[in-house]
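Step one of this worksheet: look at the structure below.
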Amino acid sequence: MKQGQGAHLSGQRIGHHPTAQMNPGDGDGNGRHQVASGHASADPELMNLRIRMTNRLIWELLSREPKLQTRPRKLVSDLAKRFEAVIYKKNPNKAAYYSILNGEIFPHLQHALSTHMAQHQQGQQMLQQLTSSSSYGTTIPIPDVVQNASGNTRALYEMDNTSGPMSNGHHHFSANFPLHSTTKGASLEMSAVSMQEGKITHMIPTPGSSNQQSLPGNFHYSTGTGYLNGKSNVMAQMQEQQAPFASKINCCPVQRDLGGYAGSGVHSDILNNSSPYGVSEAHMIDGMGLHRSNVQVINRTVVPETFINPSPYGISPNKPLQRHVNPSTRSTPTPADIAASTSFNGTGSSALSTTSYLDMTTVNSLPKSRMDSGLIMSQPTIQSFQTEYYIQTEGLDLQEKISLEQLHQQVNQLHLIQPHSQYAQNQCSLKLQQQNSLHHLVMSRGNVLTQCHLGSDHAEKLLDKRNQLHSELVSSQINEHVGLTNLQGHYEQTQYHDNYKKGQMSASSQNLGIPAPHDLLPPQQQFDDGSYRLSCFLKETYTKPLQPHCKSKPMKEVIMTSLLSGKIQDGFCQKKMARDREHHPIISGWHSAGCAATSFGSEEVMENTKQYHAQARWLLFLFHAKSCTSPPGSCKSSYCDRVRELVVHLTDCQIKDCSYRHCRESKMVSDHYKNCINEHCHVCCKAKEMLRRSSELAHKQNPAEPILITQHNMNQRSADRVHGDRMDIDQAVETFDDQPPAAKRPKLQLVSPDASENVPVCQKNPGFMLQEAHPRQLDQNKKMVPDQEVDVGLDIRHPQVTLVSCHGSDEKIGAAQNTVIPGALNKIHCHVQQETVVADKESVTVVDVKKKTGSVDVTISKTGKPKVKGVSLMELFTPEQIHEHINSLRQWIGQWVQCDKCECWQHQICALFNARRNDVEEAEYTCFKCYIEEFKRGLRMPLPESVVRGAKDLPRTLLSDHIEERLFKRLREERQERANKLKTSLDEVPGADGLVVRVVSSVDKKLEVKPHFFKILQEDNYPAEFPYKSKAILLFQKIEGVEVCLFGMYVQEYGAECKFPNQRRVYLSYLDSVKYFRPDIETVSGQALRTYVYHEILIGYLEYYKQRGFTSCYIWACPPVKGEDYILYCHPEIQKTPKSDKLRQWYLSMLQKAIKENIVVELTNLYDQFFVTAKECKIKVSAARLPYFDGDYWPGAAEDIINQLQLEGDGKLLKKGRVNKIITKRALKAAGHTDLSGNASKEAMLMQKLGEIICPIKDDLIMVHLQYSCSHCCTFMVSGRRWVCNECKSFYICDRCYNAEQRLEEKERHPSNSKCLHILHPVEIVGVSEDTKDRDIILENEIFDTRQAFLSFCQGYHYQYDTLRRAKHSTMMMLYHLHNPTGPAFVATCNVCNCDIENGQGWDFKSFERKQNQLSESRRMASVNERVRQRVAEVTRHE
């Protein structure tokens, strides 16, 4: 026998260690210790990991459940230890355990809870089997039992964890488990222990001494209630003997409510005499409000205050075990009796206490499906049943019996049965038990209340306060713009008053209702038929309506109308959801939604929940008032105008403790909403969700839309028992058991328009999302609709998304439309809740409905569009990648695309939709929600990446391969350096992945020399044009599954075939980047990793061109003007534009790395190299030596200077002074002129003026020498030898200059003006290519032909990079055009019809484009000139 199963019989000691837990379901037979305090592992590192895991679990519990912060630390610690033990048992491997510790722990916490609860339930079933085979007629008292004066033994999670043997040789039994944990709630308060453990703990059975048999429990009342069915095989005898007593008294409310309606088999009486134990009647049962001395159970044992029905040994051994009470001494019951709390204990059990009369609830509101705790009969006898059972069976007519039979059929459909604390269940026939209990249930509910005399004012006050409590709870979430007309009942006020006074309230055994808010309804209307339409928080189950004759009793139509069912409703919903959720209690409870998340009987948590609801409701009201567009006084919310004034006040109020009404409170809740980072915040969670839905649907609302029935959605939610959130609770639809079953995966049906005529249209108000609709009126001559699980929702179509959903706690959800029950009311009591939401988790598809005889033939309408693979890049994604992509999106205005499945609309940018692949608008598009659904159902798989070509599919070149090879090598080295610094492995260090470098454009071009400049230098054989190759290089990185362009640069390559002065030179024309590089970390040196990557790209480029024989590179470090873009259109707002100093330093730091690698041999600037003569330079300063590049600054400036000089010579420009006044002597000497006042050449004057402009910004004009240049002739040496001076740095001369040096006299040789001579050593020049021919193919692309062309292309199509969302889409479209170069790149839009105009079909499009490019270039030059003038002025001020 397993130790966990038979310990309580063997007498062995269990759970003696303080941290040990009894695991009845474990097969090892040992109590497993939770953490290292139990059996110690041999690995100290593992012990440390387990301690860390426990601490993290404690933190998770405290952070997700604020209520636990007020509880003792030990209780939370023990709970975490138990969860840790489950996690460790599942993951004993150290590596797996470590990954869980450092990863997302919430799923594992859910699994631990589920495992723990499963073990608990298995242990309960084992104990149940043992107790069902044993008799407890005689018990052995436990001397050390502590009697609780409050009548309740309450604990958070564990109880009775005693140690040491008892004095009589018996041992304690330890069982620790939650009994009242909630799902979708905020409470982790739990009842101490179930009744059976309490019985075993305090009363030891004595075999062979029993003379009584335990009654079996009703199978339908077994799910966590602990009640025994009072209708057993002895019910007929009891009914026969109760008639004489029934004539003497009117009723016994508590007895009938507990024993008759709830089917518990427990009966109690209210006695006038005082308790024999001297207990005050006012404090009976922990303040339940039962103002009588004692409550008796079936065996007629008087219940003292300490325990309602314990063995009397612990208090007074001399007291009799049983005491029968004279029925004639009973008093007339009051409504307070009816409002008795459910905190009744079984023998030795701990009760789920209530704290005040506000928490009192009649047990008759309990459904058969769930109860939090219950009563168990101790030693019941047939005689006691026969003498003390009072039921009146008269008054139930034929029609009611028919309704009861229908009710019985529906009850049998519930799949809510889950044994929890059912301890005596094997003595009676199940069939008779079900029939009798159900019959007795309705009789006691329907007749007892009608026969009771509610003659106490206290009862009405109690009910009023109870009503007020529920009204406040409901009104905290109901929108204020719900019209009072929707809340009107169908009955007169006098009828309500009479029914309220007499207690004639009829409800089904499954129904739980919430009255209308007291601040929205008059008191006389708070209990009519319309009141149950506001059941927005608790699930409600509606049974079949009664027969038409019930109209004489209008309150029977009100299926859910008990004012006394508040607390029971909370507990019912919590327990129901605890079993319906896929996840177990506690974990699901952290998401607090759906039901009032309070501990059963906890007034404190109830008040907190009310406060949470009020704050969230007020927050939504503030948003509504802020965005409400209705004229003043016309908003359906009567308080909108006042809150608008408050919002206006809040925008300008700066006073901390402002006295303006509601100002301070509004600031607090709004500030909390802005700063809250808790994902499970009770206030912000639902407010954010509703606001998100409202913002997405604000522009889509259109009332004229058909209604859909989405069956798959309801199948999923009904089968899994997953209920909605607190503001999204659906209502019940009728179920018909006599219809044929629905298909396994039913299709969809479109409801006819007449079925939705009475459904109101949702308001265009983003602040309030819920509205209630009237029940739909159905014709009697409609055909029956087969029983199908369906969801009622408005079609999700553009421009609004509105859902009308019906949902309940029945296992089968029937169709609510076009349905009539023969002989029943022609009204379906279905409360249609209308929501304005984006979409359900399951998508909706529009289909046609074909009505046939007795069934619905549903066919899916095909789209008829061709399936073009790769129309959306998301087709390549997995659902995880789709979620990752969607989570990174932000709201933005853009073009839209409609899903062909659910017809919802999405941004093309968010959907990564390629409109170019949908030219004829015939391509089928599937949104991500439908895509995920099809993926889950196995109807779709991610397409291979080859369907949509990406950056890797672009043509590779020698240059791109060289840069990539170097980049990846350097990234591996850098990653290893970080790993060494952190003393960890390489795999544990994040690295840059998914990088691709490609040359997207490589075309031959010619640069024409400007006419004025060419005219001046024409005599020097200056070339009229320079051939060069223009290249565009891009860097891509895959971010969240999408390739994003992060970096781009344009370069000009002037090869060996080009004439002097541009021969073998490279010009870095433009460089641009966006700040989306991942990961955003730093290198070991403290440099950003993204900067490191960009530098390596530039160094790799310089290295490649040095190997090809290029000699120098020219860089103009010129940052763009604010708002100007070089290559990529629209940069992120977080990316700052660097200043000139920062940008220059950025380039210089890159070049210093290149110098260390001997790629760059020397750095200088344009001014020092060409405008100033070096010490031993033997060449004169001339404009003909300046490298002439396309788009560079000085060629344009030189043309303007020459034009100005010509105007001065012609006398057309007023001279403001002589041009030679500021020229330096050094410059005159270098130019070879001694007098510029007269006939100075235009070239010399040009160099003078140009030098004046360039000198202040000379540091920004960087000259990079890839090869050594001669110090005498300034030419780059690419062949032969270079002569090096070991004593002088940076002195190199070529062979030609060395030969000329040798012909000079010694005093004129190097170094000049020095008496000692330096010896020069020759160095052979190797590794320089004789020609610079590019062996890469020509890559032509219209959009990347020039920088301005690509920028104009992006501007025209709004391919922006200001957000990652847009950067993904822009890169996708860029790659599409790169892979399809023959397609039209520049398409204009007609100003008349807004259609695209292809090339050749528009009017003067090319000339317009040229003018735009010229205008843009002129504007750029103007801005550059202005920036240069500002820089010159700045340098002048410093000097």
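Using the three backbone atoms N, Cα and C, a Cβ is placed for every residue, glycine included.
Per Swiss-Prot, the feature acetyl-CoA binding site maps to LEU1071, ASP1072, SER1073, ARG1090, THR1091, TRP1146; the stated evidence is similarity to another entry. Per Swiss-Prot, the feature Zn(2+) 1 binding site maps to CYS1270, CYS1273, CYS1294, CYS1297; the stated evidence is sequence analysis. Sequence annotations record features per position, and here Swiss-Prot assigns Zn(2+) 2 binding site to CYS1285, CYS1288, HIS1310, HIS1318 based on sequence analysis. Feature annotation from Swiss-Prot assigns coiled coil to 964-989; the stated evidence is sequence analysis. The compositional bias 'Polar residues' annotation in Swiss-Prot covers 325-335. Swiss-Prot lists 948-1383 with the feature domain 'CBP/p300-type HAT', giving sequence analysis as the kind of evidence. What Swiss-Prot records for 1-43, 313-335 is region 'Disordered'. The zinc finger annotation in Swiss-Prot covers 607-687, 827-933, 1265-1328.
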Excluding the flanking five residues on each side, which residues at least 6 beyond the ends of the coiled coil (964-989) place their CB within less than 8 Å of a CB in that stretch? 995-997, 1083-1084, 1089, 1092-1093, 1096-1097, 1099-1100, 1103
Let me spell it out: for each of the binding-site residues (HIS1310, HIS1318), count the other Cβ atoms within 10 Å of that residue's Cβ, using every protein chain shown. Which one has the most? HIS1310
Mind giving me a neighbour count for LEU1071 (acetyl-CoA binding site)? Other Cβ atoms within 10 Å of its Cβ, every protein chain shown. 21
What other residues of the same chain, not counting LEU1071, ASP1072, SER1073, ARG1090, THR1091, TRP1146, have a CB atom within 8 A of the CB centroid of the acetyl-CoA site? PHE1047, TYR1094
Counting distance between Cα atoms, which of the binding-site residues THR1091, TRP1146, CYS1273 is nearest HIS1318 (Zn(2+) 2 binding site)? CYS1273
Could you check what DSSP calls THR1091 (acetyl-CoA binding site) once collapsed to helix, strand or coil? helix
Most isolated by CB count within 10 A, of the binding-site residues SER1073, THR1091, is THR1091
DSSP-wise, what's the residue breakdown of the zinc finger (1265-1328) into helix, strand and coil? 11 helix, 16 strand, 37 coil
Using all protein chains in view, find how many other C-beta atoms are within 10 Å of the C-beta of CYS1297 (Zn(2+) 1 binding site). 21
If I take the alpha carbons of CYS1273 (Zn(2+) 1 binding site) and ASP1072 (acetyl-CoA binding site), what is the distance between them in whole Å? 36
Rounded to whole angstrom, what's the largest C-alpha distance between any two of LEU1071, ASP1072, SER1073, ARG1090, THR1091, TRP1146, listed as binding acetyl-CoA? 14
I want the residues beyond CYS1285, CYS1288, HIS1310, HIS1318 whose C-beta is within 8 angstroms of the mean position of the Zn(2+) 2 site's C-beta atoms, in chain order. ASN1286, GLU1287, PHE1291, PRO1311, ILE1319, LEU1320
Over the domain 'CBP/p300-type HAT' (948-1383), what is the model's average pLDDT? 87
Cβ neighbour count within 10 Å, max among the binding-site residues CYS1270, CYS1285, CYS1288, goes to CYS1270
Residues in the zinc finger (607-687) grouped by DSSP into helix, strand and remaining coil: 51 helix, 0 strand, 30 coil
Identify all same-chain residues not among CYS1270, CYS1273, CYS1294, CYS1297 whose C-beta atom falls within 8 angstroms of the centroid of the Zn(2+) 1 site's C-beta atoms; report them in sequence order. SER1271, HIS1272, CYS1274, THR1275, MET1277, ILE1293, ASP1295, ARG1296, TYR1298
Check the DSSP secondary structure of LEU1071 (acetyl-CoA binding site), expressed as helix, strand or coil. strand
Once DSSP output is merged into helix, strand and coil, TRP1146 (acetyl-CoA binding site) belongs to helix
How many Å lie between the Cα of TRP1146 (acetyl-CoA binding site) and the Cα of CYS1270 (Zn(2+) 1 binding site)? 28
Nearest-integer angstrom distance between the alpha carbons (Cα) of CYS1294 (Zn(2+) 1 binding site) and CYS1285 (Zn(2+) 2 binding site): 12
Work through the binding-site residues one by one (LEU1071, SER1073, THR1091, CYS1285, HIS1310) and name whichever has its CA nearest to the CA of CYS1297 (Zn(2+) 1 binding site). HIS1310
Quick one: of the binding-site residues ASP1072, SER1073, ARG1090, THR1091, CYS1270, which has its CA closest to the CA of HIS1310 (Zn(2+) 2 binding site)? CYS1270
